[in-house]
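Annotated features in Swiss-Prot:
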DOMAIN    1-61  domain 'TGS'
REGION    244-535  region 'Catalytic'
BINDING   Cys335, His386, His512  Zn(2+) binding site
Amino acid sequence: MPIITLPDGSQRQFDNPVSTMDVALSIGPGLAKATIAGRVNGQRVDACDLIEEDASLEIITTKDEVDGLEIVRHSCAHLLGHALKQLYPNAKMAIGPTIDNGFYYDIDLEESLTQEDLEKIEARMKALAKTKYQVIKKKVSWQEARDAFEARGETYKMEILDENVSRDDRPGLYHHEEYIDMCRGPHVPNMSFCQHFTLLNVAGAYWRGNSDNKMLQRIYGTAFHDKKALKDHLTRLEEAAKRDHRKIGKQLDLFHMQQEAPGMVFWHHNGWSVFRDLEVFIREKLTEYGYQEVKGPLMMDRVLWERSGHWDKYADAMFTTSSENREYAIKPMNCPGHVQIFNQGLKSYRDLPLRMAEFGSCHRNEPSGALHGIMRVRGFTQDDAHIFCTESQIQDEVTNCIKMVYDTYQTFGFDNIAVKLSTRPEQRVGSDEIWDQSEEALKQALESMDIAYEIQEGEGAFYGPKIEFTLFDCLGRAWQCGTVQLDFNLPNRLGATYVGENNERLVPVMIHRAILGSLERFIGILIEEYAGFFPTWLAPEQAVIMNITDKQADYVQEIAQKLQKCGIRAKADLRNEKIGFKIREHTLKRVPFMLVCGDQEMEAGEIAVRTRKGNDLGKFKVDDFVSYIQDQIASRKLNLEE
């Protein structure tokens, strides 16, 4: 006779074990119709799963934009499998999980799928979903599940059972009419919930992400509760495609990638200009916030990486080389090198806090399938810093880091920032006392600045708690960039000490701090955020001066030289082309200011100024325009609408 407690505190008693759907029906048919699944004592369950004991229950409905939507998307992955097996009976199904904003299914199929094939598969999915068939869940023995997949020739499902499922488990098999899939669930009770979906694209993916395994075909899709949400999402995807940093990077001659150097960026003059301006900006912030800039070696002996503990955890991701019977690793991160710098010379508590920053050239052997333009690379530059401080200085130093993070992000126009605080995991180093003190210091630092944050219990690293900063761009996409991570482990492992007030040797607390993260990735984010319309201070070309006829050529050259001498990235366009053609071309290049010179402007010692967005700013005296654009650059104004 289970007693079910609902979110509003009300209780319902039942004579027999009861399912989420039964409870929903007891409340009303409308709720039952909208019921997708349940959350029993905080655990998600299928709507048909029986509750045998007293429990709290939350009914997951179509109004749930988190769990409810994730379940719908997962069920759409099964629906995709159902349609695929009908159209391609020889296809072997691998895995079909949900991802951010959608789902995918990996399949082994001899023929390569095209966009036209996806349209055919989607049409079959819609025809199946239209019938609103019931999804039947059956818990079976391990052997029954394996027999079912062996009879269907599903070798990947058999491998999952053999390697990932205990023989004592009772896997859940979900029956979609004649199609069977295996999953922990939960899933929708019927296909009436899977009506608003689309397939997006197909790509290659190695089985289990291992390049030694067979390359499968991965079909991506997305789904929503209603037609409008799906349409809005597809509109955002179209806009994201227009803003793709790889496409704009080529249009603006910023960078390129090539097969001979996978995951390594070839910066062109225009892109390197943006990169250097970012470095200059961050260097100013480092000075403002009291950092020393250092530079560590690119490569260090394996022995040091073993001492730091990175060899055990990162060896597969490290590029190595050898010389004179010694093995070296190219650094994947800067922190061990910074500890070596700290260790040179005796340090006193009076020397702390010591804030050490580096634009570190790092390399990680990322899987080739994970590489993505300059967003995910193998060679990158970290705007990395490490702060060595006493335990009593933690809160002040973390507060200083947070101020720097927000100060930096606001310059680029990022105001929507989500903050997460990750606390101690079960396996950790350091005393409970230092963890208590550190977690409280991080909380106090955030709360002193009125910053809302979400606590992620147990998600901290084994060596200390951390704060993560996630930016949301103009399309609502999340980019995790900044981190403030405490470390009680590395200084101790690498022998970092300072002399305390009582002449004792103490181990400093180390704070890892990143703001942009990887400069390459952050530039990719900026390209997509601005759609290539960089603020004037970042724009590779800040102004172009154009003549209407040959008569103004010398005047245009004179202005270009004056702007260049004033530190403005300007050039003269003296081509024998119509002025409208020149304006269109430089508009496509996203040059912030286009200066037009005809006879009238030349005689008056003026220039006609228009922006890349087509705004006519009128006529300026040359010196007045120099002051105007210098103010834009010096103040780092966004001026994205100009």
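Just so you know, glycine gets a Cβ as well, placed from its N, Cα and C.
The structure, with features from Swiss-Prot marked on it.
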residue	record	DSSP class
Cys335	Zn(2+) binding site	helix
His386	Zn(2+) binding site	strand
His512	Zn(2+) binding site	strand
Nonlocal neighbours by CB distance (under 8 Å) for His386 (Zn(2+) binding site), same chain, sequence gap 6 or more: Asn334, Cys335, His338, Val339, Arg355, Met356, Met510, Ile511, His512, Arg513
Cβ neighbour count (within 10 Å, all chains shown) around His512 (Zn(2+) binding site): 23
Cys335 (Zn(2+) binding site) CB neighbourhood, other CB atoms within 10 A: 23
8 Å Cβ shell about Cys335, His386, His512 centroid, Zn(2+) site members excluded: Met333, Asn334, His338, Asp384, Ala385, Gln485, Asp487, Leu490, Met510, Ile511, Arg513
The domain 'TGS' (1-61) - residue tally per DSSP class, helix then strand then coil: 14 helix, 27 strand, 20 coil
